[in-house]
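Pulled from TrEMBL:
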type	residues	note
SIGNAL	1-23	signal peptide
DOMAIN	24-132	domain 'Phytocyanin'
Amino acid sequence: MASRAALLLCASVLFAAAACSQANDVVVGGADHGWKVPVQPDALNLWSSVHRFQVGDNLVFKYDDPADAVLEVTRDDYNRCSTASPLAVHKAAAAGSGRVTVPLPRSGPFYFVSGAPGSCQKGERVVVVVVSEKHSRVPRRGFFPPAAAPSMMPYGSAPAPAPVTGGAAAAGSGGALLVALLGALLVGW
């Protein structure tokens with residue numbers, strides 16, 4: 001009986017950990033490339049297009065050039081590679097560290113260009129789009145998504161549920177697996 005209680009306690013801790021989410025630190029350009037002039041001009045934007053950024057995440061810019069900085073700019077300044085009036089200048093806190101962390105406090109697009117002369121024109125710039133918590137796949141504040149609004153269909157005319165096939169059936173939800181595991185523990189296998 002004690003082992004069942006311990007197992008149930010462990011499963012509860014796992015469930016609680018899954019319910020909480022924390023900010024992610026994401027290295028711009030990936031761990032191997034970082035914040036530098038890319039080989040291909042749009043490489044940093046290709047990198048950002050395959051990542052899902054959420055409110056509360058942090059971008060980590062790693063660079064080698066001590067003269068470089070990360071400038072947050074408007075869309076127009078991004079398109080022109082203008083560094084004349086940045087919204088914010090992010091420089092490494094310690095000289096020579098080459099590491100800047102930029103928080104993403106709201107949803108929407110963020111535009112960043114290099115502060116090193118000529119680097120933006122060579123492709124050292126990136127647009128990061130932060131999705132709102134409402135449009136995120138994984139809820140930030142709780143484990144289960146909010147309930148859908150009730151249907152306004154006339155009485156007795158509910159549509160048949162769609163069949164689950166292929167990748168959707170295999171993908172499943174981590175939450176369903178966790179609930180099934182908890183159920184199995186409670187019933188005693």
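Note: Cβ is positioned from N, Cα and C throughout, glycine not excepted.
All annotation found in TrEMBL is predicted automatically rather than curated by experts.
Averaged across the domain 'Phytocyanin' (24-132), pLDDT in this predicted model comes to 91. Taken residue by residue, the domain 'Phytocyanin' (24-132) breaks down under DSSP into 13 helix, 36 strand, 60 coil.
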